[in-house]
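Just below is one structure, and these are the notes that go with it.
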Amino acid sequence: MPEFIINGVPVNFPFEPYQLQKNYMAKVIECLQNKSNGVLESPTGTGKTLSLLCSSLAWLMYMKAKVVAAYSNRNIPVQFQQSTAHLHLPELSNAKNTKLDPEQALALHEIHRHAKIKIIYSSRTHSQLSQAMQELKNTSYQDVRAIILGSRDQLCIHGEISKQENNTIKTTLCREETKTRRCTFYNRVEHAKDRPDVTAVRVLDIEDLVTVGRKMKACPYYLSKELVEQADVIFMPYNYLLDPKARKSNGLTLQNSVIILDEAHNVEKMCEEIGSVQLRSSEIAVAIEDASTIIKALMDAGGAGAMDEDKPYDFTLDDLVLLKEILLNVEKAVDDIPVPFSQGGITQPGTFVFELLEKANIKFGNVNVILQLLNSLIAYLTTTMSNNFVRRGMGLQALANFLEIVFAGSGSEYSQSVEKCFRVHIELEEAKQPTKANVKRADGWTATKQNVKTPATKSNSKVINFWCFNPGFGMRQLLDSGARSIILTSGTLAPLKPLISELNMPVEVSLENPHIIDRSQVYVKVISHGPDRMELNSSFKNRSNPDYISSLGRTALSLCPIIPGGLLIFFPSYPLLHKCSEDWQATGIWAQINRIKPIFVEPRGKDTFLATMAEYYAKVREPGSRGAIFMAVCRGKVSEGLDFADDNGRAVMITGLPFPPMMDPRVLLKKQYLDANRTRENELITGNDWYSLEASRAVNQAIGRVIRHKDDFGAILLCDSRFQNPRQQSQLSAWIHGHLREAERAAVPNFGTMVGEMVRFFRQMAKFSVPSQVRDVCGVKLEYDPHSNTVKNDPEASSSSSSSSSGMVTIYKRERKESVDARLAEADQISRKKRKIVLVPNKTIKTEPASSGGADSENEPTSTTQQLDQLSLKLEPDLTGDRANVDGERVAPANRVDLLREVKCSLNADDYKTFLQAIAIYSKNHDIQQYIDRICDCFQHKHLFDARMERLTSPAGPSNGIDVV
């Protein structure tokens with residue numbers, strides 16, 4: 001691969017990097033060289049992940065090579081020379097047991113210190129991590145040692161434990177099996193980790209670990225932990241890195257490591273979530289029942305403690321009696337909190353939780369002893385009690401989780417931070433009614449919540465929420481870990497200043513990259529009104545307006561014939577998505593859209609979701625298909641991490657601003673916290689600004705699904721009048737601002753004008769678009785053959801999907817040599833030529849550039865007085881935008897029924913009624929002028945319609961052609 005020198009570091013890159021990629025890599029290397037923190041934004045599709053991996057690994061390899069070269073002449077003992085050359089950590093660690101002279105000891109110490117430097121790459125989901133690892137495998141750095149940390153749910157191969165549906169039970173059973181060494185897979189880990197079958201695979205993702213684990217009959221979960229020490233790069237989800245408990249469990253040492261937080265627009269919320277916890281009255285009650293169950297079991301066994309020949313547990317009957325008393329006191333303390341039913345909830349300072357628990361004698365001094373006892377009881381219930389006892393310690397586990405978060409620190413400084421950064425919100429607990437489906441759940445809890453609180457709930461049952469509102473509280477632990485550098489990066493970080501202020505981290509390096517695509521490759525428009533002139537506004541008060549919902553549906557109906565391939569429609573919330581789905585089906589709009597593009601709706605379940613995505617991708621690729629529509633929700637599964645490159649996503653409709661629920665207690669308290677703590681020094685944003693940014697960042701993420709690489713193109717349609725607000729536009733990604741110039745920032749005055757612009761945009765793009773890259777979808781690897789133009793299915797392929805940047809140069813085969821600007825100029829010139837427009841009797845309509853001689857079209861009829869049901873009118877050239885029709889051909893409606901159906905799809909109810917009345921009158925009197933006068937108000941471009949009809953019906957007869965504007 002080509003090598004480039006960036007900031008003095010040789011970087012191997014798969015192709016000649018673009019300037020913005022060089023700028024990005026230079027910033028990454030600057031952070032690592034200077035031991036500084038960075039916040040770097042680069043839009044989706046600019047090769048961010050590839051640039052991040054290549055630059056960070058190039059620096060790591062360069063730094064290690066310099067260290068080895070610097071100490072290579074220090075007479076290092078022979079037995080360590082090979083290990084030194086490769087900075088192999090296990091052998092270097094043994095050097096301390098060898099007698100060395102001071103010079104040798106110093107040399108090996110320095111080499112060992114640099115060998116321990118690791119890159120920790122973190123992202124939100126395992127699918128995003130898998131994509132990054134796939135990128136790594138396609139670089140020249142594929143020989144570095146890389147490992148991913150996953151959950152037991154993903155990695156456990158134990159026959160019985162892996163079948164457990166509840167993760168807590170799975171974890172507890174695993175710990176007991178490994179503690180007593182009854183798990184044969186765990187027992188083989190130490191032997192397997194140095195075997196060639198393991199060491200030969202340098203980059204081990206989830207699938208590789210499971211494959212190797214099954215082959216070696218060794219536990220993949222614990223094997224991954226053992227391989228962390230030898231790894232150069234460790235991939236893991238956010239919570240594994242940000243949660244202190246998870247870091248300790250995985251044996252992570254962050255000292256001198258490079259921490260990369262990709263997709264970092266989620267980091268603020270993740271830091272708050274990790275520091276927050278909840279405890280319900282119902283969970284306390286179940287914990288008391290669990291303790292009572294164990295007490296009864298021990299007393300029935302003779303009260304001789306909890307000792308079993310095979311399963312010793314370190315608690316006694318006295319311990320259980322004491323714990324039950326503590327639990328009863330916790331229950332009483334919670335019950336005594338006055339929460340008026342009409343008020344719904346009360347809020348206290350963060351330190352209130354310490355006062356509450358102290359009433360049950362739970363304090364900093366004894367909380368660790370209580371936690372140890374709780375964990376012992378959970379293990380006992382999980383491994384000893386019958387499977388029919390469905391709760392199996394869930395109440396005790398809930399209490400243990402609550403105490404671990406609340407008592408995560410100690411000392412006066414911690415208490416002061418809790419008082420400032422946390423709030424305790426107590427609310428009434430909603431009653432849960434068991435159902436047949438819920439009774440079988442492994443955790444013993446029902447899933448269905450009732451909207452109405454029961455009298456019992458009104459008097460006693462409550463929820464204690466311990467909420468963190470300062471993400472800097474969680475980030476501080478990373479900053480204090482001794483990490484060399486922390487890099488936050490994403491495609492949607494802007495504005496950067498509020499992010500940096502909220503995380504309260506020192507940032508010396510920052511970057512806001514432009515997009516890699518040419519300005520002509522994206523069409524951005526604010527659509528403030530539908531085709532029926534109804535304002536599009538998804539505000540809470542307007543969401544139930546049937547006229548708005550109908551207009552939104554007709555907007556989608558009008559646009560879907562124009563857009564080739566896939567159309568993504570993002571809604572602000574699930575309720576609005578479901579409301580639109582129901583209303584569109586009831587009014588027939590759904591059926592009309594579905595005839596053009598099949599509609600897929602984002603499901604909630606993981607298995608259903610994967611199947612639905614596979615069906616959507618298959619429909620888009622289907623030969624002769626006009627594409628498909630995927631309706632999804634901002635902040636949902638579709639809006640992050642999924643790749644809708646090329647025809648999979650040619651346009652995205654944003655139907656509104658996804659603001660958080662305004663009256664949600666947590667949202668209100670967050671706004672209050674920001675307003676109360678905002679100073680000139682900390683530069684925190686106001687509560688209202690945060691509220692607005694939450695919506696804008698979700699919109700930016702949804703927009704990023706479409707443009708996925710430098711040859712991609714698509715339309716971004718902001719279907720809400722509030723996007724006209726300059727302040728709202730300023731919060732969109734910086735690369736979009738250029739497409740919303742001052743002259744264009746007002747929404748289009750006429751829906752038909754916008755339709756014409758989109759038709760021309762997709763026609764221009766089709767003239768010089770490159771073949772679509774076919775990507776891995778839901779475990780089925782698909783290949784594009786540039787020679788045969790066919791798609792091949794590889795059933796043996798792995799499930800990992802390739803990232804978009806992998807095709808930025810070599811995957812896409814170009815056949816033209818002209819510049820993009822030249823092709824655009826040519827396409828624009830062609831589109832502006834005069835075209836003939838005709839009335840024809842039931843035949844294919846074809847528009848052609850008007851000849852300079854002005855000769856009549858051979859398809860032009862000799863008379864315009866034929867019956868209306870025998871005529872088809874071509875008002876605009878090729879408004880469908882279908883890939884098959886992009887050159888200007890369209891088949892006219894076959895009969896009157898088809899014609900009326902098309903007209904009905906284009907008009908609102910009142911205009912369609914007027915249109916039918918005009919037809920009825922024309923059928924009686926054959927007065928064409930009266931017919932035109934009646935219907936001209938129904939259609940867009942009235943002045944053009946009048947001009948065209950005047951030419952067609954003038955005494956001189958029809959002209960040679962009608963200009964298309």
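Using the three backbone atoms N, Cα and C, a Cβ is placed for every residue, glycine included.
Among the features that TrEMBL reports, [4Fe-4S] cluster binding site is placed at Cys156, Cys174, Cys183, Cys219. Secondary structure at Cys219 ([4Fe-4S] cluster binding site), taken from DSSP and collapsed to helix, strand or coil, is coil.
The region 'Disordered' annotation in TrEMBL covers 785-809 (among others).
Under the heading region 'Disordered', TrEMBL lists 841-869 (among others).
Residues or ranges marked as compositional bias 'Polar residues' by TrEMBL: 860-869.
For Cys219 ([4Fe-4S] cluster binding site), the same-chain residues lying six or more positions away in sequence with a CB closer than 8 A to its CB are Leu155, Cys156, Ile157, His158, Cys183, Phe185, Tyr186, Arg188, Val189, Gly213.
Of all the binding-site residues listed (Cys156, Cys174, Cys183), Cys156 sits in the most crowded Cβ setting, with the most other Cβ atoms within 10 Å. Listed in chain order, the extra residues whose Cβ falls within 8 Å of the Cβ center of the [4Fe-4S] cluster site residues Cys156, Cys174, Cys183, Cys219 are Arg152, Ile157, His158, Ile161, Glu177, Thr178, Phe185, Tyr186, Tyr221, Tyr222.
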